[in-house]
Amino acid sequence: MSELSVNHLLGIKYLQKEDIELIFQTADHFKEVINRPIKKVPSLRDITIANLFFENSTRTRLSFELAEKRLSADVINFSAASSSVKKGETLIDTVSNILSMKVDMVVMRHPNPGAGIFLSRHVNASIVNAGDGAHEHPTQALLDSYSIREKLGGVEGKKVVIVGDILHSRVALSNIFALKLQGAQVKVCGPKTLIPKYIESLGVEVEPNLRKALEWCDVANMLRVQNERMDISYFPSTREYIQLFGLNKAMLDSLSKKIVIMHPGPINRGVEITSDVADSDQAIILDQVQNGVAVRMAVIYLLASKIKQ
Ligand code: CP
């Protein structure tokens, strides 16, 4: 495969296994580029990209902007908090105005699930979903799989447990799609109230006991409890959550093998993982962030190649 099967990156659900392989091969090249003294290539000098963030972000926003600049694209940034959205402008009007300034690609984070899909049907630009509500976060899942591949030599056959708030997590859903597509085995672990009822239809097993889940896996992806997406209480107390689903160093060290610890960030230190786990040599959390730039360079480069045709 020499090009992506899609014109937008709206979700992992719409990708084929070969798309992921192509993105990873391209990311390998860009990872080598960003480790050179001159970390930039002229590939996208003729492309303009708008980063539209309707929801808070640290990693994804900076990572996309850096990826675009490393590819020499022209970049404009938009934050809903300081925009005319506050005066009542609609999503389509906002984006149409931005695109009339000759923008080729839109990277968008939005609180509403499906916002990127909606936009792709109404505007003439390539759309990259940087997280849409509790739906998908495709580039996070790609960088997560890329980091597993880098650490363990591949994703196929690996055992991955995703721990925590699965119900509200776009990272969990995109990871499940990506991992299953590449032939990994996936389990989820968390409070029953935070496990979606449809989860087994995705080919995922539920393991309610954290120790059993950790003894089974090669990789544990520890998710944050997304209080901002909860309108009711899903478990009795944070203290009880920590006791049942928080990972501390004593438990990590007591396992029969050394597992890899991942976290998409932002971390609530002392809740889903303790600081000594987050900072341990088994955690690849900062490698994930570093790989995010190369993976996003690959996604943008491959989508831009389709615009240029
Ligand atoms: N992992 C992630 O999406 O982090 P941000 O919300 O900081 O972008």
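Glycine is treated like the rest: Cβ placed from N, Cα and C.
All TrEMBL annotations are machine predictions without curation.
Under the heading domain 'Aspartate/ornithine carbamoyltransferase carbamoyl-P binding', TrEMBL lists 8-150.
Feature annotation from TrEMBL assigns carbamoyl phosphate binding site to Arg59, Thr60, Arg109, His137, Gln140, Gly265, Pro266. Around the Cβ of Pro266 (carbamoyl phosphate binding site), a 10 Å sphere holds 11 further Cβ atoms from the protein chains shown.
Neighbour list (Lys87 (L-aspartate binding site), Cβ cut-off 8 Å, at least 6 residues apart, same chain): empty. What TrEMBL records for Lys87, Arg170, Arg224 is L-aspartate binding site.
Taken from TrEMBL, the feature domain 'Aspartate/ornithine carbamoyltransferase Asp/Orn-binding' covers 156-302. Model confidence over the domain 'Aspartate/ornithine carbamoyltransferase Asp/Orn-binding' (156-302) stands at 95, taken as the mean pLDDT rounded to a whole number.
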Assigned element (helix, strand, coil) containing Pro266 (carbamoyl phosphate binding site), judged by DSSP: coil
Distance [Cα-Cα, Å, rounded] between Arg224 (L-aspartate binding site) and Pro266 (carbamoyl phosphate binding site): 7
Where the C-beta lies under 6 angstroms from ligand 1, the matching binding-site residues among Arg59, Thr60, Lys87, Arg109: Arg59, Thr60
Fewest other Cβ within 10 angstroms of its own Cβ, chosen from the binding-site residues Arg109, His137, Arg224: Arg224
